[in-house]
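J.: Got a structure here, written out as C-alpha cells. Questions coming.
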C-alpha cells in the first residue's frame with residue numbers, strides 16, 4: 001500500500017508530509033486536487049479516488065505522529081538554547097525529499113531519511129550546563145564555611161564579654177567593701193562629734209552673755225579691738241561712737257607669753273609681711289618719689305614763727321604727719337589748726353579739724369562738756385566732766401624734753417588758741433589733755449599737776 005501511495009504521489013516520486021496543524025500544498029498541474037480545506041485542485045482531481053485516498057490519509061497520520069515527537073524535542077531544545085527559542089520556526093531535512101512548508105509560516109521542518117534530528121545532537125550540551133550550576137552551588141558552600149568561621153569568632157567575642165562580666169562581678173564585692181568602710185568612717189565621725197562639742201562652748205558663752213551697750217539682749221557680736229559684746233548694728237555703732245573704737249583688731253597689741261598661741265605667731269608674721277610689702281610698694285611708686293611741696297611747709301613754719309609758735313613737722317610716713325590737717329587761711333590771715341582732745345577720766349579721745357586760732361578753748365570744749373549745748377551721746381560718755389562742780393583743767397605736754405621728765409603747760413580756757421600756743425613748741429598739731437581739778441588722789445595726775453604748776457611758776 002505504501003508503494004502504491006508513493007507511485008500515485010507527486011511527480012518527483014517523493015513522499016510529502018505535512019507538519020501538524022499545517023495545510024498541504026496543491027500539486028502543480030493537478031486538476032482534481034484539493035487542499036486540506038476540501039477545495040478542488042487544478043487538473044484531474046476526479047480520477048483520484050478510492051484506495052489512493054485512504055493511503056494518503058494513513059501517511060498523513062504517521063507524519064502527524066512523527067511531527068508530535070519532533071515538536072516535543074523542539075520544545076526541550078528551545079528551553080536550553082535561547083537563540084533558537086527566540087525563533088518561531090524549525091527546519092527538518094529529509095534526504096531526497098521536498099521541503100514541506102506551512103502556509104501560515106508557523107514552522108518549517110526538515111527531516112532526514114534516517115530520522116536523525118539535529119535537535120538531538122544539540123541536546124548533548126545540556127548536561128554541561130547542569131555541571132556549571134553544580135559548580136556554582138559548590139562555591140556557595142564555600143561561603144557557608146566562611147560564615148561558620150565568623151560564627152566561631154563571635155563566640156570568641158562572647159567569651160571576652162564573659163571575662164568582662166567576671167571582672168564586673170569581681171569589682172562588685174570590692175565596691176561593697178568600700179561602702180562598708182565608708183559607713184564605718186561615718187560611724188566613727190558620728191562618735192567623734194560629741195568630742196568636738198567643746199568648741200561650741202565659746203558660742204554658747206557668747207550667746208549667754210548680755211550686750212554691754214544696751215544690757216537687755218543676748219550678745220551676738222564681739223568687737224575685735226575692744227572685745228566688747230554687742231547684739232545689733234545700732235549697738236555696734238553706739239559703742240564705736242562712745243569709746244571711739246575703730247572696730248579693727250590691733251595687730252600690735254600686747255600678748256603675754258602664757259596666752260601666746262600659734263595664731264598670734266601667724267598674725268605677727270603676716271603683719272611683718274604687710275609692712276615689707278608696703279615699703280617695697282612705696283619704693284617702687286614714682287609718684288611718691290616726686291619732691292613734695294616743701295615751699296608750702298616752709299611757709300607754714302615761717303608764719304607760725306611770726307606768731308611766736310615753734311612748729312615742727314615730721315617726715316612723710318609718720319602717723320601724725322598723715323593725720324595733720326592744719327592749713328593757713330590766706331584770706332583771713334590765720335591758722336586753722338588740727339586739735340586733738342583727750343579726756344583721761346572717761347578714756348575718750350576726740351579730734352577737731354580746721355579750728356580757727358582766734359577761737360577760745362572754752363568754745364572748743366563747749367560741744368563736749370557743756371551741760372546744755374553738748375551732744376547728748378558725747379555728754380553721756382563724758383558724764384564725769386559735764387557734772388563736775390570744780391571744773392576742768394587744760395594741759396598740754398611740753399615737747400623737746402626727755403622721756404622720763406614729763407612736763408605739761410597749763411592753758412587758759414578764756415584765751416584764744418593762738419595766745420595759748422605762743423612761745424611753745426608744737427609738733428604737727430596741738431594735743432590738749434582735759435582733766436578734772438578735784439582728782440588730786442590720782443598720783444599720776446597729781447604728779448602731772450605739780451610739774452605743770454612748777455613749770456608755770458618758773459615761766460612767770
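Every residue, even glycine, has its Cβ placed from backbone N, Cα and C.
As listed in Swiss-Prot for this protein:
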REGION    1-61  region 'Disordered'
COMPBIAS  19-28  compositional bias 'Low complexity'
MOD_RES   39  phosphoserine
CROSSLNK  71  SUMO2 cross-link
CROSSLNK  101  SUMO2 cross-link
CROSSLNK  110  SUMO2 cross-link
CROSSLNK  130  SUMO2 cross-link
CROSSLNK  137  SUMO2 cross-link
CROSSLNK  147  SUMO2 cross-link
CROSSLNK  154  SUMO2 cross-link
CROSSLNK  164  SUMO2 cross-link
CROSSLNK  191  SUMO2 cross-link
BINDING   211, 214, 231, 235  Zn(2+) 1 binding site
ZN_FING   211-245  zinc finger
BINDING   223, 226, 239, 245  Zn(2+) 2 binding site
CROSSLNK  449  SUMO2 cross-link
J.: Can you give me the average pLDDT across the zinc finger (211-245), rounded to a whole number?
T.: 89
J.: Would you mind listing the long-range same-chain contacts of the zinc finger (211-245), meaning Cβ under 8 Å and 6+ residues beyond its ends?
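T.: 347-350, 377, 380-381.
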J.: Starting from the Cβ centroid of 211, 214, 231, 235, the recorded Zn(2+) 1 site, name every other residue in that chain with its Cβ within 8 Å, sequence order please.
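T.: The answer, listed by sequence position, is 210, 212, 213, 215, 216, 217, 219, 229, 230, 232, 234.
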J.: Nearest to residue 214 (Zn(2+) 1 binding site) in three-dimensional space, by Cα, is which of the binding-site residues 223, 226, 239, 245?
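T.: Nearest in space to residue 214 (Zn(2+) 1 binding site), counting only the binding-site residues, is 239.
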J.: Taking the Cα atoms as reference points, how far is residue 211 (Zn(2+) 1 binding site) from residue 239 (Zn(2+) 2 binding site) in Å?
T.: 11
J.: Using a 10 Å radius around its CB, how many other CB atoms surround residue 211 (Zn(2+) 1 binding site)?
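T.: Here the count is 20.
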J.: At a 10 A cut-off on CB-CB distances, which of the binding-site residues 223, 245 has the highest count?
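T.: Per the Cβ count, the most surrounded site is 223.
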J.: Compute the centroid of the Cβ atoms of 223, 226, 239, 245, then list the same-chain residues not in that set whose Cβ lies within 8 Å of it, in sequence order, for the Zn(2+) 2 site.
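T.: So the extra residues in range turn out to be 225, 227, 228, 230, 236, 240, 243, 247.
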J.: Among the binding-site residues 226, 231, point out the residue whose Cβ has the most other Cβ atoms within 10 Å, with all shown protein chains included in the count.
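T.: Compared across 226, 231, the most Cβ atoms within 10 Å surround 231.
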J.: Residue 239 (Zn(2+) 2 binding site) to residue 231 (Zn(2+) 1 binding site): how many Å between their Cα atoms?
T.: 11
